[in-house]
Every structure is written in structure tokens, then in C-alpha cells.
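According to Swiss-Prot:
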type: BINDING; residues: 61-66, 76-77, 82-83, Gln105, 140-141, Trp185, Arg195; note: FMN binding site
type: BINDING; residues: Lys66, Tyr123, Arg127, Ser131, Arg191, Leu192, His193; note: substrate binding site
Amino acid sequence: MRRLGLSNIATRKREQPMIDISADPFQLFAAWMQDAEAAEPNDPNAMTLATATPDGRPSARIVLLKSWDEAGFVFYTNLESRKSLEIRANPDVSLLFHWKSLRRQIRIEGRCRAVSDDEADAYFDSRPRISRLGAWASDQSRPLGERAELERRLAEVTARYGDGPIPRPPHWSGWHVMPDSIEFWQDRDFRLHDRAVFTRTGDAWSATRLFP
């Protein structure tokens, strides 16, 4: 097995304040996301979405958080993609935000439900026109013989809709992740990291620190 040529010697870094476990987890998420928006050069709303088949075979990919509140976290996708098929069969998912520049991550576990048609329509209409056309042209996760086939399909739907409105495809919508666990992780010197997990029981949240 090839080893990476990286040093295991930890260097001292500017320490962040300890995670406040008395805080509301959503207020803490908002503060960390605000820090990420100021510090991260690329897509601070990027998150890893992990799904699994009913028999436990996992898969993961990067998606973009598009909205959130205390009810949960929303992303949009093709409903015929692998992730959507796995969510339909097993709605338990995990999200992971990693902000390297801040040396922080947030891990969220919860269950998915579909967003409403009104929510999906409103977000779809806000997308760039070429992205809306692409949602019609692409059979996401299906085999593609040649790139020219995708370009041909895009040309066809562009001609079909012209300068008129582009409706949302029936196979395109969003998923709402309703969290039952939110873990905050912060890098500290010598791998003695700061971890805290907030867990939902009913409508109440409780928090505890974890060993790093």
C-alpha cells in the first residue's frame, strides 16, 4: 500500500473558541456558515450527501445546500438519479460540510422528505435558463455514449422552448433533510480536537461533548 508523504507532526495553530454546547444548534450552524461564506473561496454551501441502499451499500457525492431553517436542510436534484432512488428506498441520510480554511466540519444525520411542488417550482424558476434546459436534457446517472448526445438533447429542448417559459420537469425536485443529530467538529493542536453533538428528542435538543 502506498503511503502519503505527509508529516504527522502537528503544528501549532491559532485556536478557535471552544464550541458552546449551551447554544442553539441552528444558531451555531448559522454562525459557522456565515464564517464559511466569508472565508471559503469556492462553494461554502457544498456538502457531502451520503445515502445507502436498503441492504446497507453506501454511496456519497457533493451537492449544494440551497436553503435551510430549523425544520431542516434542502437540496435539489434529479428524482431518477442514484441518490434519489436510494433516498426513496431508505430515507436515512447523512450530510457533511467541511471547511478546510476554517478547520471545521459539521455532520448532520436525519431523514429525507420531498419538498412541495410549490417550493420546487420556485427554486427551479430561479435557476439560470441553461440549467433549467439541462434538467430536461440530462438523464442523470444513466449511461451516456457520447458527449454529442447530451449536446443534441440540449439543442432539442432549447429549440422546443425557445424564449418561452421552461416548466419544471416532473423528474426534478428537492429533498428536505430533517435532522435528528448535528455534530460540530473543530480542529485543535495535536489532534486534540473539539467535538460536540446535538441530538433531537421530540422537539427538544440536548448536547454533549465527545472525545476527539
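Backbone N, Cα and C define each Cβ position, glycine as well.
Everything Swiss-Prot records as a feature, shown here on the structure.
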residue: Arg61; record: FMN binding site; CB count, 10 Å: 13
residue: Leu65; record: FMN binding site; CB count, 10 Å: 18
residue: Lys66; record: substrate binding site; CB count, 10 Å: 16
residue: Tyr76; record: FMN binding site; CB count, 10 Å: 21
residue: Arg82; record: FMN binding site; CB count, 10 Å: 16
residue: Gln105; record: FMN binding site; CB count, 10 Å: 20
residue: Tyr123; record: substrate binding site; CB count, 10 Å: 19
residue: Ser141; record: FMN binding site; CB count, 10 Å: 14
residue: His193; record: substrate binding site; CB count, 10 Å: 15
residue: Arg195; record: FMN binding site; CB count, 10 Å: 17
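Ranked by how many other Cβ atoms sit within 10 Å of their Cβ, the binding-site residues Val63, Leu192 place Leu192 at the bottom. Summary for the binding-site residues Arg127, Ser131, Arg191: the Cβ-based neighbour count within 10 Å is maximal at Arg127. Comparing Ser131 (substrate binding site) with Arg82 (FMN binding site), their Cα atoms are 20 Å apart once rounded. For the substrate site, whose annotated binding residues are Lys66, Tyr123, Arg127, Ser131, Arg191, Leu192, His193, the maximal Cα to Cα separation is 44 Å. When the binding-site residues Leu65, Tyr76, Gln105, Ser141 are compared by Cα distance to Leu192 (substrate binding site), the shortest distance belongs to Gln105. The Cα atom of Tyr123 (substrate binding site) lies nearest to that of Leu65, taking the binding-site residues Arg61, Leu65, Ser141, Arg195 as the candidates. Closest to Arg191 (substrate binding site) in space, going by CA atoms and restricting to the binding-site residues Val63, Tyr76, Arg82, Gln105, Ser141, is Gln105. If you compare Cα positions, Lys66 (substrate binding site) sits closest to Tyr76 out of the binding-site residues Tyr76, Arg82, Ser141, Arg195. Here Arg127 (substrate binding site) is compared against the binding-site residues Leu65, Tyr76, Arg82, Ser141, Arg195, and the shortest C-alpha distance is to Tyr76.
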